[in-house]
Amino acid sequence: MNTLNQQYEEKVRPCIDLIDSLRSLGVEKDLALPAIAVIGDQSSGKSSVLEALSGVALPRGSGIVTRCPLELKMKRKKEGEEWYGKISYQNHEEEIEDPADVEKKIREAQDEMAGVGVGISDDLISLEIGSPGVPDLTLIDLPGIARVAVKGQPENIGDQIKRLIQTFITKQETISLVVVPCNVDIATTEALNMAQRVDPDGERTLGILTKPDLVDKGTEDTVVEIVHNEVIHLKKGYMIVKCRGQKEITERVSLTEAIERETAFFREHVYFHTLYNEGHATVPKLAEKLTLELVHHIEKSLPRLEEQIEEKLTQTRAELERYGNGPPSDAAEKLIFLIDKVTAFTQDAISLTTGEELKCGDRLNVFSMLRREFGQWNAHLSRSGEIFNKKIEKEVEEYEERYRGRELPGFINYKTFEVMVKEQIKQLEEPAVKRLKDVGDAVRKLLVQLAQSSFTGFPNLVKIAKARIEAIKQEKESTAESTLRTQFKMELLVYSQDRTYSSSLSDRKTEEDEEEDKRKVKTFHKERSILYRMDNHATLQELMLHLKSYYKIASQRLADQIPLVIRYQMLQESASQLHREMMQVLQDKENLEFLLKEDSDIGSKRAALQSRLKRLMKARAYLVEF
């Protein structure tokens, strides 16, 4: 750390403290924080590297020794200041007086969280260490990757560990510190493979080579090439360190002495002295690089972090608003609370049916559905008219033969006209009723959605509202169906104002004349249609004009009238009756407790949201003050 200039050194601790403070608040539950995660295969020397950086002994041995994610917060103190330590997990927090107790305390924490034995846990243990001999740095140590389950471990222990590691290194905010022994083929290490899968360009991966003293003779050049980034390229490059081996631990070689031996090893090594001279070797150089990388990473991440906190705050407030504050304890206040709830719901129901904005904030739109349904009804009438026109041309002669009485040729048979019109009108009745039922179902669905939104967390209120909505839907649908069927009975009377009918007939004649002119050009030398070869073709032509003209009037009438009936009963009347019936619910004061009984988990959800809001607001305050 001595190579850092004073100005930069003053920025280091505040940056790291900021993220540590956010993590201690629990903000990591809500969004990803900048971090360095240490990963490696079992026996890669990962624990030894962390020991060398922190100056304290950590759990080590064969098998899985890191069984929970360990947040290692190192704080560099001034020379002469005392060492201190603190361990925190779940609801437990304990100061550590002696550095020699750290390993024991971590094992106790792991047993508490992952069970005694060899299981693992996703829960974080936080270890804070302050000492003049440590860098300003925070790392997250993750369990070593196990290839084969040992006695007492679940068969899928390897998959469990990989899933845990994946949750950390997948985040773009995480730098992966991959620990690899020098005496293995780097390309085959699972830790590096995992890092490459989530970070194929090596943008946020840093390689650490360990155990350089165990390299096979003749392979030293390969190690140098790896550190020089010539084998598997990583943007952040590689470092190489030599930590205490088991022999040195047995001989009680101190960490300070181990670092001195490490420096001598690299400085004097035939092949590795170049790495030492280039600043790629030793634990102190690694500490310096990691601190610089973390601070740079934090500074780079801060703008996005601020945005994420604002987004989460907005989202959390919106969710809390949906859950509300919960019912008050005082009976009189409870009644007021219920009245407000029910009134807001019924007002929103009326607003929904009139196209106004809802107070609950939901974006429910009944009129987009109505436009679609009524548009389809209009399209059905148009298609029916086209089919009717074609049918007229085919069957009008047959009807004339069947229904013509004593009239001389050239006289229009009104009975023929009436029979054909009635037959066509009848075919529209059931499609109109189906349209009513489709709209009724859609309106009920929207009102139920509104009830669930308005009475979130109050299942009994939702149940009562749904029952009322269903009963009203059945009643209004029945009334509307009766009105529709009456409308179709009236349509069988075959009536229109003279002026309206004359206008429609005139328009139709003009259209027919234009079509006839076109047809004459095309069929000048051809045989004319059967209609024009008939002696009474003028009569039949006239009858067709009347039929088409009248159907146009009737269909226009139905295109408006059917939607009006449906809209009036299923929207306006339904909303008004729902308002009246929900107001009646308020008269039953004895059921107050029943109506305001909350979901069993609603209180815990509200508390969780309030807790999230609190920590996010604190997090924002930290960022503002930074």
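Numbers run from 1 along the shown chain.
A Cβ is built for glycine as well, from the same backbone N, Cα and C atoms used for every other residue.
Annotation comment: Swiss-Prot describes 30-303 as domain 'Dynamin-type G', evidence class sequence analysis.
Beyond the ends of the region 'G1 motif' (40-47), by six or more residues, the same chain brings 58-60, 62-66, 141, 144-147, 178-181, 189-191, 210-211, 243 to within a C-beta distance below 8 angstroms of the stretch. Taken from Swiss-Prot, the feature region 'G1 motif' covers 40-47.
Within the same chain, residues at least 6 positions away in sequence whose Cβ sits under 8 Å from that of GLY40 (GTP binding site) are LYS46, GLY144, ILE145, VAL178, VAL179, VAL180, THR189, ALA191. Annotation source Swiss-Prot lists GTP binding site at 40-47, 141-145, 210-213.
Mean pLDDT for the region 'G3 motif' (141-144) in the predicted structure: 90. As annotated by Swiss-Prot, region 'G3 motif' applies to 141-144.
Beyond the region 'G4 motif' (210-213), the same-chain residues lying 6 or more positions past its ends with a Cβ under 8 Å from any Cβ of the stretch are 44-46, 48-49, 179-183, 223, 240-243, 245, 265-266, 269, 272. Look at Swiss-Prot and you will find 210-213 tagged as region 'G4 motif', backed by sequence analysis.
Sequence annotations record features per position, and here Swiss-Prot assigns region 'G5 motif' to 242-245 based on sequence analysis.
Summarising the annotation, Swiss-Prot assigns domain 'GED' to 540-626.
When each of the binding-site residues LEU142, ILE145 is scored by how many other Cβ atoms sit within 10 Å of its Cβ, ILE145 comes out lowest. When Cβ neighbours within 10 Å are tallied across all protein chains shown, the highest count among the binding-site residues SER43, LYS46, PRO212 belongs to LYS46.
Helix, strand and coil content of the domain 'GED' (540-626), in residues and according to DSSP, is 77 helix, 0 strand, 10 coil.
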